[in-house]
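Enquirer: Pasting a structure here, questions to come.
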Amino acid sequence: MKFTKMHGLGNDFVVIHTPFTPDFTELAALAPRICDRHTGVGADGIAVLYPSSVADIAMRIINSDGSIAEQCGNAMRCVARYVYERMNGLRKQFTIESKIGVQPVWIEAEAGVVSRVRIDMGQPVLTPREIPLQLPGESAVEQTLSVEGRSFVYTAVSMGNPHMVIAVEDATAFPVAKWGPLLEKHPLFPNKTNVEFVTYHSSDEATMRVWERGVGITLACGSGACATVVAGALAGKCGRKVLVHLPAGDLFIEWCEEDDRVYMTGPASFVYDGVWLG
Ligand SMILES: N[C@H](CCC[C@H](N)C(=O)O)C(=O)O
């Protein structure tokens, strides 16, 4: 099976472009083998590109554990660059259909060389029952939960996929591998959740580390960076335009007051083209 390896700030994907709507169940079953970093291609997930009747192209994201996610910001930037350079004659504005709907894309490029990609990541979902989060009431801002005797203050946000955002003293030193898996599977989140550990430096800068649902620690999470800004703004820890620092670079996130939509801007990189021999 032909594929293209790409990454968004080190969150890496096997991009598979098919001329027809694929059998997602079959691909999901293959994901752990394809994504295995020793016996497979190695990636955080599979991004499947296929024709759409409502947008220029459709994309679905499959986590490395085979679970199908609703949204993936870094994969969206990768497939947007793929479409721009290989499919649409360098048209800089187009749309991608994801599980949450049609998402507009803007390519920043000079003479065909892409510098950054901007994605409309849609409106955040904040009511617990829609995140989903088993919490009564209408707000999931600065709630408290406990795991193994330690309590955490979190804000839950959905960008189509669920996120638990936790402010910490120093995100770069936080034991993500210890607490991430426990929080990912917390019973309050019936669909599990991505978990972001964030240090808010100022109104327009933050540092984020992440434990991703269905993957584990990744170098970056685009939808997580969006959730980080929404959660921080709701909790009064940052503004609506924030540079989010990740190990391999930065994402610029804007939660627009006028349309309530979150815009994410950042890089996307090709690595190589290959054939998976199964
Ligand atoms: N693991 C995520 C999907 C990938 C999201 C992330 N890679 C991004 O860039 O948004 C989930 O199950 O919701």
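Numbering starts at 1 and runs along the chain as it is shown here.
Here the Cβ of each residue, glycine as well, is placed from N, Cα and C on the backbone.
So TrEMBL has the following annotated:
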BINDING   Asn11, Asn63, Gly73, Asn74, Asn161, Asn194, Glu212, Arg213, Gly222, Ser223  substrate binding site
ACT_SITE  Cys72  active site, proton donor
ACT_SITE  Cys72  active site
ACT_SITE  Cys221  active site, proton acceptor
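How buried are the listed features, and what sits near them?
Expert: Counted within 10 Å of its Cβ, the other Cβ atoms near Asn161 (substrate binding site) come to 28, all protein chains included.
There are 30 other Cβ atoms within 10 Å of the Cβ belonging to Cys72 (active site, proton donor).
Counting only same-chain residues at least 6 apart in sequence, those with a Cβ under 8 Å from the Cβ of Cys221 (active site, proton acceptor) are Asn11, Gly73, Asn74, Asn194, Glu196, Met208, Val210, Glu212.
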Enquirer: Which residues, in sequence order, are found in the same chain with Cβ within 8 Å of the centroid defined by the Cβ atoms of Asn11, Asn63, Gly73, Asn74, Asn161, Asn194, Glu212, Arg213, Gly222, Ser223 at the substrate site, excluding those residues themselves?
Expert: Ile61, Ala69, Gln71, Cys72, Ala75, Val210, Val215, Thr218, Cys221, Gly224
Enquirer: When DSSP states are folded down to helix, strand and coil, where does Asn161 (substrate binding site) land?
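Expert: SS state of Asn161 (substrate binding site) = coil.
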Enquirer: Fill in the CA-CA distance, Asn161 (substrate binding site) to Cys72 (active site, proton donor), as an integer in Å.
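Expert: Approximately 8 Å lies between the Cα of Asn161 (substrate binding site) and that of Cys72 (active site, proton donor).
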Enquirer: Look up Cys221 (active site, proton acceptor) in the DSSP assignment and report helix, strand or coil.
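Expert: For Cys221 (active site, proton acceptor) - judged by DSSP and reduced to three states - the answer is coil.
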Enquirer: When a 10 Å sphere is centred on the Cβ of Asn11 (substrate binding site), how many other Cβ atoms does it contain?
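Expert: The answer is 27.
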Enquirer: Round to a whole number and give the Cα-to-Cα distance in Å for the pair Gly222 (substrate binding site) and Cys72 (active site, proton donor).
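Expert: Cys72 (active site, proton donor) has its Cα 7 Å from the Cα of Gly222 (substrate binding site).
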